[in-house]
């Protein structure tokens, strides 16, 4: 077979998608092997093919394996060096493994396996913590260094793979998913009210915070070092916008972009099992399928979901692309009875998650998993190439921006807050009053002034002394100031919205079905390069993804290039006025929900009533509130919680 062809291309290394978990216990009792095994077992959906748990002094490491490359036992984990000094549990794939291995062999190192897991072990032994700068891939791992009695952990640059942890004196625990940490009875299920506030602001909970006090998420592009109960987290990579100053010609940029994209797709076709692709009918997933078709000797397997409701389905658009490239196409219609999967969806998402596109993502992953173990997706294209409609809107002239922000906020802000919650112009007036939000990630769930009304008096009192999302967003301001407006928005979306919303959704919904998802547009070499390009190469004259469109115009159907962007959400407005109206009322107004004390029942009742009558579309708010309630029932409430 030609090395550039294949479906998937013949592999040269062992590779696993999986779940990892572990403990470092410095107390006299030491780590519990049974606890580590229980934690690891809760991740069985992430790796149904193999499992392993080892205890190494104060450390216990656990691993669940989903075999993708080299289906032999060579990739069994936890994996140790021959001398037993180092041991690792690793989730992900190192795409540049051949180059890393060759460099290490040139330095005199030898390999016992074809595993990229072993490559990380040897790279750490040779280069120490600087080994991270050598790796190109999606990963989260934890490595125990017996000589230093230290744990070294890291997460990939863009946050494709998760890493949760808990640290109390003498005890440290980590896992791919938060539910595994809850196997430890010493971890209190104490809800962080500031995280609830973050969730209702963004519809997700920004890292490093989680919904529970005492449990944290390792930030993308960061490493963690634990030694003698002292924990250090630090970045090893940072996304930089505008570094080349716009000196690269458009023609050269186009050529370079295509080279990087082709190489990225080729790397992600490596597999010893069938590879498919998610196909939404848009530019990003269509471009990935088109490049796969060029590099593959067999038809690409494609998977699409849609809805019966008009305006919410891209099935016909996906069919156009599928026919154009001759794919083996599969599709499914998602209906309002999809609420039946909510208990399982909430279980896999781990935290309250208000992005309703998790529902179709769950369905398309379930469908694909019946045929393949690996899929490629178009995730990251909108953040990278300025594809969101909000970017175009942000670049439009705004006369009120010439009015000082302080004046707008002090004059218009109180007017907006005093208006009835259902007044149609209230959101717009609030935006104008507070239009200083370049540092605020997209994904707005419920506006702050509305939260003030919907919260109970007790919740408002508790939050008055809490540090919420605003402090997190402000941390980005110094690095944003030198950038133009579009780059500021893209930076925040790529470092916050992408890892905390999009990639969470993708990881949890695919891993729920033991399916690996790879995102060619998020190869860090491609991301780093595109970030340096001038904004005019991304958004020009109202045309989004300007340079990217030129690149893919050579092989995508004309109708795909001309198609207006469509989101991947569900028809919430229709569902909550139809089949789901009774479900929403029962969940949000019954005593169990009201007694949590977060919300004013009268305001929630009014929101539901106004949505039902069509006075306003509150579908997004209702979905956020429902997912918060379902999370409590799944993880906290006695009698209904699953762990």
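Glycine too: its Cβ is placed from the backbone N, Cα and C atoms.
Taken from TrEMBL, the feature active site, for GATase activity applies to 18. According to TrEMBL, the domain 'Glutamine amidotransferase type-2' annotation covers 18-229. Residues annotated as L-glutamine binding site in TrEMBL: 116. Taken from TrEMBL, the feature ATP binding site covers 305, 377, 378. For 379, the entry in TrEMBL reads site 'Important for beta-aspartyl-AMP intermediate formation'.
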Residue 379 (site 'Important for beta-aspartyl-AMP intermediate formation') CB neighbourhood, other CB atoms within 10 A: 25
Cβ neighbours of residue 378 (ATP binding site) where a neighbour is any other Cβ within 10 Å: 23
Position of peak Cβ density within 10 Å, selected from the recorded positions 18, 116, 305, 377: 18
Length of the line joining the Cα atoms of residue 305 (ATP binding site) and residue 116 (L-glutamine binding site), in Å: 34
Distance [Cα-Cα, Å, rounded] between residue 18 (active site, for GATase activity) and the residue listed as 'L-glutamine binding site': 14
The domain 'Glutamine amidotransferase type-2' (18-229) [mean pLDDT, rounded to integer]: 94
Cα separation, residue 379 (site 'Important for beta-aspartyl-AMP intermediate formation') to residue 116 (L-glutamine binding site) (Å, whole number): 24
DSSP three-state assignment for residue 18 (active site, for GATase activity): strand
Structural state of residue 116 (L-glutamine binding site), classified by DSSP into three states: helix
ATP site span - longest C-alpha distance across 305, 377, 378, in Å: 15
